[in-house]
Amino acid sequence: MVVKAVCVINGDAKGTVFFEQESSETPVKVSGEVCGLAKGLHGFHVHEFGDNTNGCMSSGPHFNPYGKEHGAPVDENRHLGDLGNIEATGDCPTKVSITDSKITLFGADSIIGRTVVVHADADDLGKGGHELSKSTGNAGARIGCGVIGIAKV
């Protein structure tokens with residue numbers, strides 16, 4: 001059974017991101033567009049809570065149900081919400097195209113109801129040596145976010 005979800009991002013960065021997963025055993029395809037980004041890399045993560053009552057700050061930390069360190073999307077040791085970076089050319093829109101085998105739209109670890117956050121700076125993928133590298137990827141301010149909601153198939 002295919003599951004689809006959508007996230008409307010608001011803030012200084014704005015856009016729409018779509019999620020699709022064919023079954024609980026297949027990767028999630030993430031696609032969409034974001035505007036309002038400076039040229040360069042921007043951290044792109046799923047955060048724990050679907051709470052935007054205090055803007056992006058109330059979305060909590062990266063979604064990390066297994067207590068792992070921050071890492072790159074290809075790392076075994078990573079938060080489930082670590083989706084790496086999206087690259088802005090300076091023109092609007094910035095395309096989002098990610099396939100990830102760790103996140104899911106099924107079961108207890110589903111990202112539906114959680115928040116996508118776009119960050120001001122590049123995610124160092126846990127390898128930057130900064131005090132925040134192993135928790136946030138030192139990706140800077142939260143400049144756009146939105147709650148992931150279930151979408152019509």
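Each Cβ is built from the backbone N, Cα and C atoms, and glycine gets one as well.
The Cu cation binding site annotation in Swiss-Prot covers H45, H47, H62, H119. There are 24 other CB atoms within 10 A of the CB of H62 (Cu cation binding site), with all protein chains counted.
Counting only residues at least six positions away in the same chain, the Cβ atoms of G11, H47, T115, V117, R142, I143, G144, C145 sit under 8 Å from the Cβ of C56 (disulfide bond). For C56-C145, the entry in Swiss-Prot reads disulfide bond.
Within the same chain, residues at least six positions away from H79 (Zn(2+) binding site) with a Cβ under 8 Å of its Cβ are H45, H62, F63, N64, K68, E69, H70, G71. As annotated by Swiss-Prot, Zn(2+) binding site applies to H62, H70, H79, D82, with the evidence given as similarity to another entry.
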Pairwise Cα distance for H119 (Cu cation binding site)/D82 (Zn(2+) binding site) [Å, integer]: 12
